[in-house]
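Database features, via Swiss-Prot:
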| type | residues | note |
| --- | --- | --- |
| BINDING | Asp66, His68, Asp101 | divalent metal cation binding site |
| SIGNAL | 1-40 | signal peptide |
| TRANSMEM | 514-534 | transmembrane segment |
| TRANSMEM | 565-585 | transmembrane segment |
| TRANSMEM | 623-643 | transmembrane segment |
| TRANSMEM | 687-704 | transmembrane segment |
| TRANSMEM | 716-736 | transmembrane segment |
Amino acid sequence: MESIGDDDELRSKTVSLPRRISFTILLLLLLISLSTRVSGSLDKSGRRVIEARTGQDLIWVVQLSDLHFSVHHPERAIDFKNIVGPALALINPSLVLITGDLTDGKSKDMLTMKLNEDEWLEYESVMQDVVKRSGLNKSIFYDLRGNHDNFGVPSVGSSVDFFSKYSINGQMGRKGNVNTITVETSERKHLFVGIDTTMHIGLRGPTNLFGHPTDELLSSLDSHLSQWDNQSAKPVAKISFGHFPLSFTALSHSQKSLKDVFLKHSISAYLCGHLHSRFGKNLKRHHHSGGISLSDNDLFQLNMRQSGAESTSNCSFGALPAAEFWEWEMGDWRKNRAMRIMAIDRGHVSYVDLDFKSKPQKTIILPTFPLDSRFMSTSFARHKYECQHMISSSYDAIRAIVFSHSLVVEVVARVYDSSPGFDNLVMEAPMRKHGGDSSSSGATFFSLPWNYRAFEDPLPDRFWLQIEVTDIKGRLTLSEMRPFSINGLSSKVSWTWNEFRVMGCQWAALYYPILWPALYSLFLVFLIPKCIIIVFKKQYTLKKFIAKKGPITLVLWILQDLCRMPVVWFGYMAYLFYLIFFPWFSGEVFADSGDRAYMTIMGWVVTSSGADRKHEYIGQPDVMVVVIPHVVFVVIPSVLVVCCLVAEREIYKDHIRTVSGKKEDDHDRGRKKRSQRRSLLFSNRRLFRKSVLLASLALYWKHFKNCWALGRAYEMNVVHFPGYSLVVPLLLLYVICKTHKVP
């Protein structure tokens, strides 16, 4: 009996074992599936894939930038908490991208720049609240490091690297400089690649202004952007996002750029921040592989679109449209409370910028097709039109997303023909809602079938689209009027001067082209007249200038008089050599380390933390914010002031001789008349000299402010930068005293 019982027990254990294994496997599969639904799949390289929740070939994301949370301005964080959480709950995006400058890192007087942990604690707390109030998964938030988040950080992972500790990326374990997430619909993959191009050794400001992509980062970016090229049967829309615009991004060590990689992959757009809204609303730039820039080195781009960017498409078999992408800088949260919603609808990229500072956003309208002809990727659109590759399903309807706190009862699309006037309405019709509960608010997709070929026209801004939304409370909301072009032609938009200054100038490449001509010009100012005196034995004097007037004679006379003041001539020559070959000052560039580095025109010389403890230059071209203003707005003006003082002394001396009758020549009536004409400026009152002295006082004040700001920024006093701070004021003072009395 015992043996029979043992057999039954053994049989029951044998039967139950496969059931347990099967149950365990099913449980694991269920957990994996649940995890994938919540946060997407994650491969070993940190490349996530999530499924879009829209049910259509349509996604939208939110971008925020330049939050600048500050202990001195608590309203920034308070407004962010009160506004952004509910807004995200309404918008319900697939991703939330925060493109840098999460905290401010500045003292109250804005001169000392290093990270403040209290600001990071506030950022962490606010983001936790925003995630909770939005109802979104924390994993869809991507925040990037900006230059303000890197002030005084000697290395990633150091004790003052608060970004790695308190940011969402840091807490989610996203440690690389390149992070990728793919949002997938049934028809398309949408690849988003975030890049951190901040300095690998973070200096304090103000010499921490530019993005610094390394060759390793560019190689990694290239790899991430190409991850689906040979693996997906679906088309791929590519978007990159970072903090720095390309105009404030340096080249890598091998002289490669982000622009090269972006054009190689013909991404749709590069989203960035950094510049803020104070420079203008059109901080956008179109990059095109076939465009013509002002110079071979791409130092300038005069217009938002490059010249020659709209060539005829090549429609031969297998030919692709010319590589292009848009660079879209967005406004800041710091002062303007800006937010951007960007949508990709069947491959068409559009966006709307929101301003939460001026008015509450009860209803938001984002037209997704037709695209705004001012900011569309025209090579792609024109290639499809001219080569008849247009997919009718993506062109056959006007489409828009409406985000509303209240129930939307009517959406009307209107098309205006601007050729006879701006009020010629040529189409007006209600749009039809797609999906969702008819009694619900939130994000809703609307469309209106139309005959798009009726709007083909060689003018890119003839037809304009506007959408009107009426909610259940009777509130009317109008979208911004925007031109569109079915033909894929671009409508021209011009930069203002400020917009061109920050977007059209490649500042990293302009550093040396500005610096060296300025320094060479100063050398020539002092060397040419000296050589004329020594080598050619020619003397230029006031008497010679009066006899033979001309700009060259005038300049040579003044400069030769300057050469006859040896203290001034040798002083400036020595100072110019000092500026080129010697350190300008020694300051604390890292937060709370106490270690000092010294700055030259080539960058900051710091001692690396590696075993070899080698010295390396960092912060080039960032040091241009110190070097260029000093050379152009202090040294050069001081030379002009000195020349004016020297010239005034000679003219006044001539005036005194004429009036007193002690001139060596005969008393010439013509000279006396000229002396009388000059008497007002060069009489005993010496009004011209006084005006020059006022200019020198303004120069003193500017130089003092620069010295004060640098002293506060890098914890320096006069001992740490005597050459930078004292030479120009002392030379000016010497000339003022020397030219005061006329023998």
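Note: Cβ is positioned from N, Cα and C throughout, glycine not excepted.
Packing against the transmembrane segment (514-534) from elsewhere in the chain are residues 540, 556, 559-560, 562-563, 569, 572-573, 576, 579-580, 601, 624, 627-628, 631-632, 635-636, 639: each is 6 or more residues past its ends and has a CB under 8 Å from a CB in it. Cβ neighbours of His68 (divalent metal cation binding site) (same chain, under 8 Å, six or more residues apart in sequence): Arg76, Asp101, Thr103, Asp104, His148, Asp332, Trp333, Arg334. Packing around Asp66 (divalent metal cation binding site) is summarised by its Cβ count: 27 other Cβ atoms lie within 10 angstroms of its Cβ, all protein chains included. Cβ neighbour count for Asp101 (divalent metal cation binding site) (all protein chains, 10 Å cutoff from its Cβ): 26.
Each of Ser65, Leu67, Gly100, Leu102, Thr103, Asp104, Gly146, His148, Gly273, His276, Asp332, Trp333, Arg334 belongs to the same chain as Asp66, His68, Asp101, is absent from that list, and has a C-beta within 8 angstroms of the C-beta centroid marking the divalent metal cation site.
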